[in-house]
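According to TrEMBL, the protein carries these features:
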- B:Gly57, B:Ala58, B:Ser59, B:Asp63, B:Ile89, B:Gly167, B:Asp172: ATP binding site (BINDING)
- B:339-353: compositional bias 'Basic and acidic residues' (COMPBIAS)
- B:53-233: domain 'tRNA(Ile)-lysidine/2-thiocytidine synthase N-terminal' (DOMAIN)
- B:370-401: domain 'Cytoplasmic tRNA 2-thiolation protein 1 C-terminal' (DOMAIN)
- B:289-313: region 'Disordered' (REGION)
- B:339-360: region 'Disordered' (REGION)
Amino acid sequence: MSGATETAEIPITVDFSGGLEMLFDNQRRHSVSLPAVDANGKPATIAFLIDYLCKNLMQDPRAELFVLDNHIRPGILVLVNDADWELEGEEAYEIQPRDNILFVSTLHGG
Amino acid sequence: MAPVLCANCKTERALIKRPKNHAKLCKACFITVFEDEVHHTITSSQLFYPGEKVAIGASGGKDSTVLASVLKTLNERHGYGLELVLLSIDEGIKGYRDDSLETVKRNAVQYDMPLTVVGYDELYGWTMDQVVETIGKKGNCTYCGVFRRQALDRGAKMLGIKHVVTGHNADDVAETVLMNLLRGDLARLSRSTSIVTGDDQSEVKRSKPLKYSYEKEIVLYAHHKKLDYFSTECIYSPEAFRGSARGLIKQLERVRPTAILDIVRSGEDMARLVPGDSPSSCACKGQNTASSAPVEDDIGGCGSSSGRTPGNEMAAMDKQLRENEAHEELEIDVAKAMSERKLNGSEKQRDLPIRNGNSASKGVARQVRGNCKRCGYMSSQDICQACMLLEGLNKNRAQIQI
Ligand SMILES: [Zn+2]
Ligand SMILES: [Zn+2]
C-alpha cells in the first residue's frame, strides 16, 4: 500500500438515536471522514469506527454510555445500511465509502 | 460480501436477525412476523372481547408507541372491534413531560386515536410541583412514585374504561423474573410473569400484549416502520446499570439471544409451582385465560417505571416502596392460598414452602387483599398509600392556609 492510501479517508454518515444523540452534540446525523486504515495499516472496521467516534466525535465525557470494556455497550443496536450488524460480521465489518452506520439504544424507557 | 437473502420470502435482502431463533428476515417479512406474534399472544390468551374499550398507557416512548401502532394495525386487520384510546399521565413537573407529551399528541393524530392526558392535579388535587412547594424536595419522590402507580388505573376509571394495556416487553418481564429469583421471592415472581393482572373483581384490568416481544425487536420495528417516538433524556447511569438485573439481561442476550424468552418461560414454569396462581398466558400450553391476583405492579406509563432507570432517584424510590408493599401483600397471599388448598383437600401435591423476600414466619391469613376504603383502589391496607400521603398533604395545606 502506498502512502497515499494511508492518508485516504472514507466518507460515511453516522446516525445516533434512542437517546445516544445526546452523547454526540444532540445531533442525530453526522457526516464523518474516517481514516481508511487504522494505526496498523489495517482497513477501517466498525471496531475502529467506534474507537474513532469516542476519540473524535463524542462531546460527552460519559463514554461508558456508549462503550463498555472496549466493546459497544450491550443494549445498543448497530445497523449497517439498515441491516443488523450481526448479518455483516459485527466489529470486523470493513467500512465502505458512503456507508450509513446507525447506533440505536434500546435502553431508554418506553 | 453478498447480501443475505430473507429466509421467508427468499427474494429480499435480510436486514434483521431475530434474537429468538436467529431467523434472517427482510424488512417486510419481519414486520409481518412481529405483528403475527403479537396477534397470537392476544388471541391465545383471550386478552380482548369485541367492542371492548381499551386504554393504551402511552408515554411517547418506544414500547407504548409500538404497542399503539401494532394494536391499531391488528384491530383493523383482524377485526377485534376494539375502541382504542391513548391515556397519558402528567405528573405536573414543569418542563419534565413537555417533549414526551408532544410525542403522544402527534401519535394521537398519526394513529387516529383520542388522547386523554390526566394530571396528578386532577387525580389527586396536587401537581408534583405543588407537592415540592409544600414538603420540599426531600422525599417528594416517594409521593410521585406512589401516585404514579395508581395513575393509569384512576385515569382509566375516570374515562369509564376497564382495561389498560401497557408496553411491557419480554426484557422487562425477564428482568422482573430475575430480580424476584435473586430475592428468592417465588410468589411475587409468579405474579410478575402473568400477562393479565387484576381479575373480575378489580375495576381495571391491566395487560401486556408485548410480553413476548424482545426489546430489540420493538426498537427495530419502530425503526423500520419509522415510528415517531421519544427517548427520554439519559437517565440511566452506568454505575447502577453495571451489575443490575437489566445489565445482566442485556449481557446474556449478547452471548445467547434466546436467553430472554427462556427466562420468561422459566418464570412461567416456576410460577406454576406457586399455589393459588395460574399465570400461564399462552393458550397453546393448555391454559385458558390467565388472570392472576391483582398486584400493584410497576406500571408507570412514564417510561421510567422499571429497573432500567436506576439513575433516576424517583424510580428507585418508587421501586423500593413497591417492594416493601409487595412483600407485605405477598405474605398474606401465600398464607391464604395455602390454607385454601388444605381446605379443599383435592390437591394431592404437597404444599411447597414458598419463601418470599421477608423470611418472617407467616401466621394465619389475617386479611384478604381488599380495596382502599377511601378511593377503592386495591390495597392490602384499609387506606391505601396514596390516600395516606394525600391526607398528610391536605393537612399541611390546611395549616398553611390558617
Ligand atoms: Zn422477506
Ligand atoms: Zn386510597
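For all residues, glycine too, the Cβ spot is worked out from N, Cα and C.
All features noted in TrEMBL, drawn onto the structure.
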residue  : record           : DSSP class
B:Gly57  : ATP binding site : strand
B:Asp63  : ATP binding site : helix
B:Ile89  : ATP binding site : strand
B:Gly167 : ATP binding site : coil
B:Asp172 : ATP binding site : helix
Within the predicted model, mean pLDDT of the domain 'tRNA(Ile)-lysidine/2-thiocytidine synthase N-terminal' (B:53-233): 88
Filtered binding-site residues - B:Gly57, B:Ile89, B:Asp172 - keeping only those with Cβ under 8 Å from chain A: none
DSSP-assigned states of the domain 'Cytoplasmic tRNA 2-thiolation protein 1 C-terminal' (B:370-401) in counts, ordered helix, strand, coil: 17 helix, 4 strand, 11 coil
Among B:Ala58, B:Ile89, which are binding-site residues, the residue with the most C-beta atoms within 10 angstroms of its C-beta: B:Ala58
Neighbouring C-beta atoms (10 Å sphere around the C-beta of B:Asp172 (ATP binding site)): 27
Farthest-apart CA atoms of B:Gly57, B:Ala58, B:Ser59, B:Asp63, B:Ile89, B:Gly167, B:Asp172, residues recorded for ATP, distance in Å: 20
Number of Cβ atoms other than its own within 10 Å, given for B:Gly57 (ATP binding site): 29
